[in-house]
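Take a look at the structure below.
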Amino acid sequence: MVARVIPVEQFDLVIFGATGDLARRKILPGLYRRWKEGQIPEGSKIIGAARSEVARDDFREMVRAALQEFLDRKELVDDTIASFLDMLDYVTIDAKGDAGWDVLSNMMRADIVRAFYLSVAPALFGDIAKRLHTRGIADRNSRIVVEKPFGKDLATARALNAALAEYFHEDQIYRIDHYLGKETVQNLMAVRFANILFEPLWNSQFVDHVQITVAETVGVDGRGEYYDTSGAMRDMVQNHLMQLLCLIAMEPPHCFEPDAMRDEKLKVIRALDPMGPGEYVRGQYRGRGREDYLIDSGNPDSRTESFIAMKLHISNWRWKGTPFYLRTGKRLKSRVSEIAVTFKEPPHSIFGESNQWRENVLVIRLQPDEGMDLRVMIKEPGPGGMRLKDVALDMSFAEALGNDLDIPDAYERLIMDVIRGNQTLFMRGDEVEAAWAWVDPVIEGWEQRDDRPEAYEPGSTGPEGALMLMHKDGRRWREIR
Ligand code: BG6
């Protein structure tokens, strides 16, 4: 099935940090794929901006190499690459000084969408925003896109929000959480709000508990310096897992508009109870060589967690009494992201003691093998009387929608949303601050208690303590296969 592609308006997009890893891996390949699909109108311009002195043609060659490295061979079409590279320009720029800003200003055209993607260290957000504004390069219709980490605590996030707010209005600021751009993450909203089936049961009267798992097989991947000051809590929970939790737990917004959605997500974060000792387990992979976090991160004394499992409570009418278990970690057994909603036992069984009851579970698989699976009880076929069995109503999106289904990468979708001016899948400033306001005291608690992460084997499903976190409540994690 070929997805419908609606072209966006013509634009000038400036990528700050254009020679960096994210631009090469995700942003530029994503733009190429949208160009190839015909979504980017002719005449649009993509301007790379970075500190390095690079000639325009060399920049184009660097981008060609990035496309070859990060895209499938079947996606690479010579003519399409050539016309894509023609759209590219480059400016050497000093984010904190004067060099390059006049050149950039002259490259920009009047009366078309202007977007500025800041794929740079957050410490530069304010400097760049200021120069874009004072030099008249950005106007009231321009959009500014910023990447995570958006701060490392509430104070730094507030400072970043304030630095951006000095020159840009909130409706111009696009804070990326790439999880929101994932196809199946958006599907959560469709499942909940486009079907009557689930919503009446979506509360503590019928839901026993919810599990959110984001397991990775990679280690810190050469980013030890950043990761070791961050850990799973700041790197994954404060943003990606928190956003998944919000989409699962939020009230139905009155429309699918950015602020209606974001208002509801914010209420979930604000309703989270503080998390105390005994409600979380931190872990660190300890193996040989790079499979040892202390070596992989480059910090032999590190107490940073590469894994965390937590039990959260949302104090509102809908969810009081239903725990949400979250876990995420690196160097685990396999790469799996999924959300499982486990329903309660029927109030009365008419089938007798010999039939073991199994929970109804709705599993939304975010990656890989995107799809949904609903476990239901049926009668086991055969003459042996009324014997029950639990089976899966299993749907893979690829099978249901066609095996050649081409799911766009999160970044592709998000960049096109910036050009369209649609902020629904971006985080608002107050959401980010609320998430940090919840995270901060938890991390302070660890520091005060001198909390040390528990070791786990690389390639395992995490530390023993994480299993106990569920066992002591009489529950079990779903298997990471
Ligand atoms: C990033 C984190 O935001 O998300 C990484 O900084 C993590 O540490 C990555 O590996 C996971 O993203 P995905 O899309 O591969 O699940």
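Heads up, the Cβ atoms here are built off N, Cα and C, so glycines get one too.
Quick look at what TrEMBL annotates:
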| type | residues | note |
| --- | --- | --- |
| DOMAIN | 14-187 | domain 'Glucose-6-phosphate dehydrogenase NAD-binding' |
| BINDING | Gly17, Ala18, Thr19, Gly20, Asp21, Leu22, Ala23, Arg24, Arg51, Lys148 | NADP(+) binding site |
| BINDING | His178, Lys182, Glu216, Asp235, Lys330 | substrate binding site |
| DOMAIN | 189-478 | domain 'Glucose-6-phosphate dehydrogenase C-terminal' |
| ACT_SITE | His240 | active site, proton acceptor |
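Looking at the domain 'Glucose-6-phosphate dehydrogenase NAD-binding' (14-187) alone, the prediction's average pLDDT is 95. Counting every protein chain shown, the Cβ of the residue listed as 'active site, proton acceptor' has 21 other Cβ atoms within 10 Å. The distance from the Cα of Arg51 (NADP(+) binding site) to the Cα of His178 (substrate binding site) comes to 25 Å.
Asp235 are the binding-site residues among Thr19, Asp21, Arg51, Lys182, Asp235, Lys330 whose C-beta comes within less than 6 Å of an atom of ligand 1, given in sequence order. Among the binding-site residues Gly17, Ala23, Glu216, not one has its Cα within 10 Å of the Cα of the residue listed as 'active site, proton acceptor'. The DSSP secondary structure for Ala23 (NADP(+) binding site) is helix.
Counting every protein chain shown, 24 other Cβ atoms lie within 10 Å of the Cβ of Lys330 (substrate binding site). For His178 (substrate binding site) paired with Ala23 (NADP(+) binding site), the C-alpha to C-alpha distance reads 14 Å.
Ranking the binding-site residues Gly17, Thr19, Asp21, Ala23 by Cα distance from Glu216 (substrate binding site) puts Asp21 first. Cα of Ala23 (NADP(+) binding site) to Cα of Asp235 (substrate binding site): a distance of 19 Å. For Asp21 (NADP(+) binding site) paired with Lys330 (substrate binding site), the C-alpha to C-alpha distance reads 20 Å.
Gly17 (NADP(+) binding site) has Asp235 as its nearest neighbour among the binding-site residues Lys182, Asp235, Lys330, going by CA to CA distance. Here the binding-site residues are Asp21, Glu216, Asp235, and the one ringed by the most other CB atoms within 10 angstroms is Asp235. Rounded to a whole number, the C-alpha distance linking Lys182 (substrate binding site) with Thr19 (NADP(+) binding site) is 24 angstrom. Annotated pair Thr19 (NADP(+) binding site) and Asp235 (substrate binding site), C-alpha to C-alpha distance, rounded: 23 Å.
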